[in-house]
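So TrEMBL has the following annotated:
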{"type": "DISULFID", "residues": "193-203", "note": "disulfide bond"}
{"type": "DISULFID", "residues": "303-341", "note": "disulfide bond"}
{"type": "DOMAIN", "residues": "104-331", "note": "domain 'Glycoside hydrolase family 19 catalytic'"}
{"type": "TRANSMEM", "residues": "36-55", "note": "transmembrane segment"}
C-alpha cells in the first residue's frame, strides 16, 4: 500500500544533475577556442619558418636556402648560403644539393666501399658537394634550369666513374656500379716526369707524377698547373690528391671548368651551350654535347677513332647509366652524334705540345 501511493518528489540533487552538462558544454567550448588559437599560432610559425624548409620541386628558384638578391649595374645577382657564397647570376638558380643529394650519390657509386674496392672509405658525397661549392658561382651544375644542372652533374660524374672504375662484365651490381673504386694508379709504369717543362714545372726528385684523383692527373706539368690554380703545392706533393677527397674533386672540377688553351672551350662550356662552334669546328664534326667534352679532356687519345672505341663507349655508358639513376632518363642524353666523338677531329692533335693531351689510363 505504501509502495502504490509513493510519488517521487523533485529534489535539489536532480536540479544539479541538469546543470552539470551545461557546465561541461561551456568548458568544452572554451577548450575548443584554445585549440583553435594554438593552431593559429602554429600556422603563423610555420609560415615564418617556411624559407628554411627543404623544397625539392621543379621551380628553378626553390631550394633549401632562399637566395639573397642584389641588383648590380642593372643585373640580377644572387648568393645562396654556403653552397653559392659569391654573388653570381648562377646562384639565382637551384644549387646542386637542391636536386642531387647524398642518397643519389650512394646509388651512383654503390660499390665504391666494397671490401674489394681499392679506395674504400675515401670518396663521399660531402667531399663532392664541398668541392662543387667553389665552382657553382661559375655555373657548375647551376647553368640554366634544373634539368641542365642534373645533366651536367651526370656528365661530369660519368667521366669520373669511368676513369675510376674497377667494374667488369660480371661484377656484382654490373660494371657501371663500380665508379670511384680507385683514387690513384696502383702500378705506375713510369714517374711521368717531362724535363721539357723543367723551367716552369720542375720535377721533384724521387716524386712520381702518376695518375691520382677523380679525373686522374698525370705528368709534372699537369700537377703544376692544377696546384697553381688551387693554391696547393702539388708539384712537390702530388700525394695530397690521393689523401684528400675534397681536393681530388676540386682538381677534377677545375679541369672540367677550365679550357686547355686560350680560345678553346672548357668541357663545361661545350656541355651547357656556352660554346658556339666555328666553321672549322663544324668541319671537324665538333658539336656541343657530351661527345665534345671527351675531345676537350682527352683529345685524340679517345676521339677520332671511330664509333667502336672502348674508352669512349665506356664513358657514354656511365653517363647514360647515371642519368637513369638520377631520374632524368638516358633519352635526355641526345643522339649518337652528340654523345660520341668517334668522328671528331681532336682540338689539339699530337703535333701540338704534350701538355695539350692527357693520359686515358
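Even glycines carry a Cβ here, placed using N, Cα and C.
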Give me the long-range Cβ neighbours of residue 193 (disulfide bond): same chain, 6+ apart, Cβ under 8 Å, in sequence order.
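The list for residue 193 (disulfide bond) reads 203, 209, 219, 220, given in order along the sequence.
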Are there residues of the same chain, six or more positions away from residue 341 (disulfide bond), whose CB falls under 8 angstroms from its CB, and which are they?
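Looking at Cβ-Cβ distances below 8 Å from residue 341 (disulfide bond), excluding near sequence neighbours, one finds 286, 291, 292, 294, 295, 302, 303, 304, 312.
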Please name the residue among the disulfide-bonded residues 203, 303 whose C-beta has the most neighbouring C-beta atoms within 10 angstroms.
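Result for the most crowded candidate: 303.
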